[in-house]
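Lifted from TrEMBL, the feature list:
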type	residues	note
DOMAIN	B:124-340	domain 'ABC transmembrane type-1'
TRANSMEM	B:12-33	transmembrane segment
TRANSMEM	B:68-90	transmembrane segment
TRANSMEM	B:123-149	transmembrane segment
TRANSMEM	B:161-183	transmembrane segment
TRANSMEM	B:216-238	transmembrane segment
TRANSMEM	B:268-287	transmembrane segment
TRANSMEM	B:321-339	transmembrane segment
């Protein structure tokens, strides 16, 4: 994939000076217009989010009766909405603090597991010699084809009734209740992330200098040791890139959570609760706007602070299937 | 009653179990692979010592056990992929040939239903509209923006703002846009779109209820989210065009228009294909936007959301599975095209 995606190189070409004054003026004007237009578009792009944010800070009757833009002429702001959706205990208020913890509990292991397993697999596929290595890599890569919709019904059945073959139980039903259902969600997210994770990390790991591995082997280092002490530190940027990917993916996911987490505030993440509120309380804008912003804030912070790694990951394998 | 943190502790305990499991599994695997070979090495050393003192011939060097080790490195991944993806996918194919409760074989009836039921045909048409419009518009916008913003002042900030929606969940984005599309019969409008319409002298409308306009408005949400992705990848491709090519063209006196079509476009073609294909796949599977905005009502449903409705709301596993298989079939050619393309680039 790396060949498909040019590395980010700063525009190094010299801008040749136009020969005439008119040419110079026109050139500068062109750049100016382009700058202006692109900034206007960027601002327009941000207005919907900005409007939501402003609304979430306005008192309930204001949100419901006047547009958020009137807040500029008639500023009235309050944190009441956040107080209500986060900590309110009535079933209609949102109880988002609870769901927020669910989102965290779902996301952390769902990022760690595929990251570790995929790194191990990618190392073996790149630097260990065994029969059928390339074939296996292609098979894992090709699994990206399978849309996760294909796996949902049987996987759910697998959790609820276990696996039996010809009357023999190979795997008992998981029979999970309440917060134990997190395990199902971790499992599902890990499985679904693996093909892409192996593919992305393989790209990085296979490009490490071979001499390094060779030298370590000659010194008698075992594969686990090489993996721990040489490979892991070198692929940290790739791990970070995939980690952010997976974090955003899991935190923002609705489908997997809807099916495997169960609907209550014991396990369902923010997205599930929000979708439910949008469906049943579509007109309670004071709750919806504040709620949406609560769910957005964590990925936004992660994204803004780690944008560089994220972009690198995007450019290395812009193919989340 | 206020939020009580004590109620949340079982969840944190569960999270801790998860983390412990992680350390045990991954750490255990690495440790095992470290300890076992060390034990073998030690035994061999002992054999060598014994052999040299007793004068018997040296035992042969043990065979390379790379395959054995590789197996353990790959074990978790292969196991999870088999249990979580391969076997379920095969089962879904079988389920698609069975009835709603997955007890009787019905042959291809579910597929027949898919192409004859009017509401499902509508779903297929909607999906087609999504798959054509989203990649096209998002890629075109991303490309134009990438060219325009290239070397402009405040480039980084402008790009970040366009890119930002990538971090927002589809659910969050849908709520943001539901608010833009919001409708009030009388009094002030609170939705931006209706406010604009009203201030231009028009009548406010219930945007999300009017088919086929509502499908287009949902597509706007997807484009809004994905255009930043297209822009970032294409912008990187544009910056990677070698400077001397651009300079040579400029010395030849080509116009910006020619520059774009004859230099920029051919150079970034591979990146364009990657973007378009990635967006196509993502669009085929779009589910959250439709579900959050309209729940698939008012003629807005697409394959992925209809699959969820059939299998998990109406209990029609057969029909849901058939839709999933159809989705799979639609994805295959796109991915194959992508793989072929990548291989060509790698060789060329």
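Yeah, the Cβs are placed from backbone N, Cα and C, and that goes for glycine too.
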Per Cβ pairs under 8 Å, the stretch of B:12-33, B:123-149, B:216-238, B:268-287, B:321-339 packing most closely against the transmembrane segment (B:161-183): B:216-238
Interface-richest range of B:12-33, B:68-90, B:123-149, B:268-287, B:321-339 toward the transmembrane segment (B:216-238), CB pairs under 8 Å: B:123-149
Tertiary contacts of the transmembrane segment (B:268-287) (same chain, 6+ residues out, Cβ under 8 Å): 127, 130-131, 134-136, 138-139, 142-143, 170, 222, 226, 229-230, 233-234, 236-238, 241, 302-305, 308, 327, 330-331, 334-335, 337-338, 341, 345
